[in-house]
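Colleague: Just dropping this structure here.
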């Protein structure tokens, strides 16, 4: 009996161990990659693709079950793009906005719900890909490239006229804004996800039974909000690049 109790407590404490900065490195062409990030990212992507395949396997005129849920999700993501980019030009950008939202949402929830610490790695530990700054910076840079592409594809070289509007005095500030946008996107997402995981780990370490559950529930809500914020801001930046300045 005592051994069973000790085993349960020991398992709970092992789940709450805090390890920051340790990584499983894969060396590819002289580059060191964070292996645990790729593993969890691939699992999240596979889960999203699998869910999409199951949901579109037997499409019906009157949607039911998972098809009905998927159509609701699609309409929700479509509304994000439409509201931020505009009725006329939002459609080509729905796939990107939806992909960003679903990946961040899936990655955040995977990190919050799945007890990755039970899976032992030679180094580091599995966790939400979004608690790695490299992932959030990459996502933010994708958004930056997207709104540059949107502006240039519509306006050509004339897109750069926005840097001197409404007055050339604002040129340095407008240039600086292009650097602060990806910085704010990446650090906001990274900081919130990492802070949530650390708070849950600390609570689980101090009081491993039941007490962390409310914090985990709040973390799931915050994870969903972060996915919404990132995708909404991405759509807003693209919409800003597409709008006509007079």
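Each Cβ is built from the backbone N, Cα and C atoms, and glycine gets one as well.
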Colleague: With Swiss-Prot as the source, identify the stretch among 202-222, 223-243 annotated transmembrane segment.
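Modeller: Comparing 202-222, 223-243 with Swiss-Prot, transmembrane segment matches 202-222.
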Colleague: Quick one: sort out which of 73-93, 94-114, 157-177 is the transmembrane segment according to Swiss-Prot.
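Modeller: In Swiss-Prot, the transmembrane segment feature sits at 94-114.
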